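According to Swiss-Prot, the active site, proton donor annotation covers 76. What Swiss-Prot lists as active site, phosphocysteine intermediate is 114. Under the heading substrate binding site, Swiss-Prot lists 116, 117, 118, 119, 120, citing a curator's inference as support. Feature annotation from Swiss-Prot assigns disulfide bond to 53-114. The domain 'Tyrosine-protein phosphatase' feature in Swiss-Prot is assigned to 15-172; the stated evidence is sequence analysis. Residues annotated as S-farnesyl cysteine in Swiss-Prot, with a curator's inference given as evidence: 172. Look at Swiss-Prot and you will find 172 tagged as cysteine methyl ester, backed by a curator's inference.
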């Protein structure tokens, strides 16, 4: 059984060879494929798994393998809530600060999943591309859709095109 995963790298525009974040967009695991899913997360070096849908599996099994699980659900087809947005950016800021404090710390791989991996998970990754990079909202959507067909609906696209960045800085690209 294969895990449906799409890797997107966020790189520093001042130094494009420097990866700030690896994002892994996924669909939700089920109890039956959770062992395979966990192996894939470990193989990819995932340190954080962000679940933006309702629980479909026992998160303690993932946590027992050294992966932090963040459960920040929001409505299917909708943009993230303010609380989810704040939690997501706080996680990314914390990981970026770790790298700045110790340049030998490798960039984190952060898994993000919703039910199908087409709406809620990709919109958070698109937000990271916009927020931490010099990537426009439409370019972020196009980059994600190039790798993950059908990602991000019209409601989410409209929201991210109106989004105002909080940060100035690093750039993100698909590798």
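Residue numbering: from 1, along the chain as shown.
Yeah, the Cβs are placed from backbone N, Cα and C, and that goes for glycine too.
Close to the recorded substrate site, the chain also has 27, 76, 114, 115, 121, 122, 151: residues not among 116, 117, 118, 119, 120 whose Cβ is within 8 Å of the site's Cβ mean position. Counting other Cβ atoms within 10 Å of each Cβ, the recorded positions 53, 114, 116, 118 show the lowest value at 116. Remark: of the recorded positions 76, 117, 119, 120, the most isolated position is 76 (fewest other Cβ atoms within 10 Å of its Cβ).
DSSP assigns residue 120 (substrate binding site) to a helical segment in the three-state reduction. The residue listed as 'active site, phosphocysteine intermediate' sits 5 Å from residue 53 (disulfide bond), counting Cα to Cα.
Between the alpha carbons (Cα) of residue 119 (substrate binding site) and residue 76 (active site, proton donor) lies a span of roughly 7 Å.
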